[in-house]
Amino acid sequence: NFSRVTEFILLGLSDTRELQVLFFIFFFLTYAMVLLGNLLIIVTVRTDPKLSSPMYFLLCNLSFLDICCTSVTSPRMLVDLLSQRKAIAFEDCIAQLFFLHFVGASEMFLLTVMAYDRYAAICKPLHYTAIMSRHVCWVLVSACWAGGFLHSMVQTLLTMQLPFCGPNRIDNYFCDVPPVIRLACTDIYVIEWLMASNSGLISLVCFLVLVTSYTFILVTIRVHFTEAHWKALSTCASHVMVITLFFVPCIFIYLRPFSTFPSDKHICLIYTVLSPVMNPLIYTLRNNEVKVSMWKLWKRCRV
């Protein structure tokens, strides 16, 4: 006989009240920057006809995914930082887990598509408009969302079928697969490896595809260097920064058996909070076309 767990207790980032207040201020400002920065990119791209290339179409989708990704975890974390008892219902925990992996995997696939877009622009410039037509872009973005949904359904269904009857304390600030399934009242060896082969391999394969794409780009630049190539390559530096912030922590967290380390929750901050806030900064400060369009939008709003 056992009773099913109805809620989990999130231990959060710190037990110290003073640190919790400082964390709340910092992450509230960070969350506001994510919302405002990414919304500004979406509005700018949607209102300026000059930003109609596939690169900006994909950037607009990336900004939307960044808003969704950080909104899955940040609001709950901000509430818990000011709460004495950080409890989350079992159903809410599963929902948070589902949406996090849904948008997270979709963003991984989209970053891979963006790398392919840069490869086509630099290595196949004469065929670029045919390779990355509007129809192809919509198909690729739809495939990213579909792939993220399928991945998340697998993770969620594997988690939901586990029995939870004992400890309910999660040493993290949100519900994720590794810390949650460690609380199951059964042997999870097979489930661990199934989930690691799912999330971990997706992260690793996407990362290797990205590395391969940029390798071809660098080889092309070295052999045939033109001003157009330089302009296309300049966007790749910012893309590499996003990839490093997003993929390396994901590979570390998911591509191993789910033994938890005290540092895991701090590493999770990189791809759930810091990476989404870096995207608008990186893509706007390093892109003159976006900065010019934002300035025009600002002047129109002031009139």
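Just so you know, glycine gets a Cβ as well, placed from its N, Cα and C.
Per TrEMBL, transmembrane segment is recorded for 20-43 (among others). Remote same-chain partners of the transmembrane segment (20-43), defined as residues 6 or more beyond its termini with a Cβ less than 8 Å from a stretch Cβ, comprise 12-14, 59-60, 63-64, 66-67, 70, 74-75, 77-78, 81-82, 273-274, 276-277, 279-281, 283-284, 290, 294, 297.
Residues or ranges marked as domain 'G-protein coupled receptors family 1 profile' in TrEMBL: 37-283.
Here the transmembrane segment (55-74) has long-range neighbours at 27, 30-31, 34-35, 38-39, 41-42, 45-46, 96, 99-100, 103-104, 106-107, 110-111, 113-114, 117-118, 121, 134, 137, 141, 144, 173-174, 235, 272-273, 275-277, 279-280, 283, 290, meaning same-chain residues at least 6 beyond its ends whose C-beta is under 8 angstroms from one of its own. What TrEMBL lists as transmembrane segment is 55-74 (among others).
TrEMBL lists 94-116 (among others) with the feature transmembrane segment. Tertiary neighbourhood of the transmembrane segment (94-116): same-chain residues 55, 58-59, 61-62, 65-66, 68-69, 72-73, 76, 88, 140-141, 143-145, 147-149, 151-153, 155-156, 159-160, 174-177, 180, 199, 202-203, 206, 209-210, 213-214, 239, 242-243, 246-247, 250, 271-272, selected by CB-CB distance under 8 Å and a gap of 6+ residues from either end.
Residues 54, 57-58, 61, 98-99, 101-110, 113, 198-199, 202 of the same chain sit 6 or more residues outside the transmembrane segment (136-154) yet have a Cβ under 8 Å from a Cβ within it. What TrEMBL records for 136-154 (among others) is transmembrane segment.
What TrEMBL lists as transmembrane segment is 201-221 (among others). Beyond the transmembrane segment (201-221), the same-chain residues lying 6 or more positions past its ends with a Cβ under 8 Å from any Cβ of the stretch are 105, 108-109, 111-112, 115-116, 118-119, 122-123, 151, 229-230, 233, 236, 240, 243, 247-248, 250-251, 254-255.
What TrEMBL records for 233-255 (among others) is transmembrane segment.
If you look up TrEMBL, you'll see 267-285 (among others) marked as transmembrane segment. Within the chain carrying the transmembrane segment (267-285), a Cβ under 8 angstroms from the stretch's Cβ atoms is held by residues 27, 30-31, 33-34, 37-38, 40-41, 59, 62-63, 66-67, 69-70, 72-74, 100, 104, 172-174, 176, 238, 241-242, 245-246, 249-250, 252-253, 291, 294, all 6 or more beyond its ends.
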Per-region confidence, the domain 'G-protein coupled receptors family 1 profile' (37-283) (mean pLDDT, whole number): 84
